[in-house]
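These notes concern the structure reproduced below.
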């Protein structure tokens, strides 16, 4: 009987982290944006879309300065 409750607890835990939480844990969803929302050459970064040539470092979009 104890094994059944352990199995039930694990199953409930696994189903509770699916969806948005699992995507956020895997880094696929960040700040409400997913990669599809940002476009092909952009990525979600700290709640905003960070596009090329900028880079996402520690959840912050670092804007590359233009050469001119």
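Backbone N, Cα and C define each Cβ position, glycine as well.
Lifted from Swiss-Prot, the feature list:
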type: DISULFID; residues: 38-49; note: disulfide bond
type: DISULFID; residues: 42-51; note: disulfide bond
type: DISULFID; residues: 45-56; note: disulfide bond
type: DISULFID; residues: 50-61; note: disulfide bond
type: SIGNAL; residues: 1-29; note: signal peptide
Reduced DSSP state (H/G/I helix, E/B strand, rest coil) at residue 51 (disulfide bond) is strand
Test of understanding: give the count of other CB atoms lying within 10 angstroms of the CB of residue 45 (disulfide bond). 22
Measuring CA to CA, name the entry from the disulfide-bonded residues 38, 51, 61 that ends up nearest residue 45 (disulfide bond). 61
Which one, from the disulfide-bonded residues 42, 50, 51, has the smallest tally of other C-beta atoms lying within 10 Å of its C-beta? 51
From 50, 51, 56, 61, the disulfide-bonded residues whose CA lies within 10 Å of that of residue 38 (disulfide bond): 50, 51
Sorted by position, what residues of the same chain at least six away from residue 61 (disulfide bond) have a C-beta under 8 A from it? 45, 46, 48, 50, 54, 55
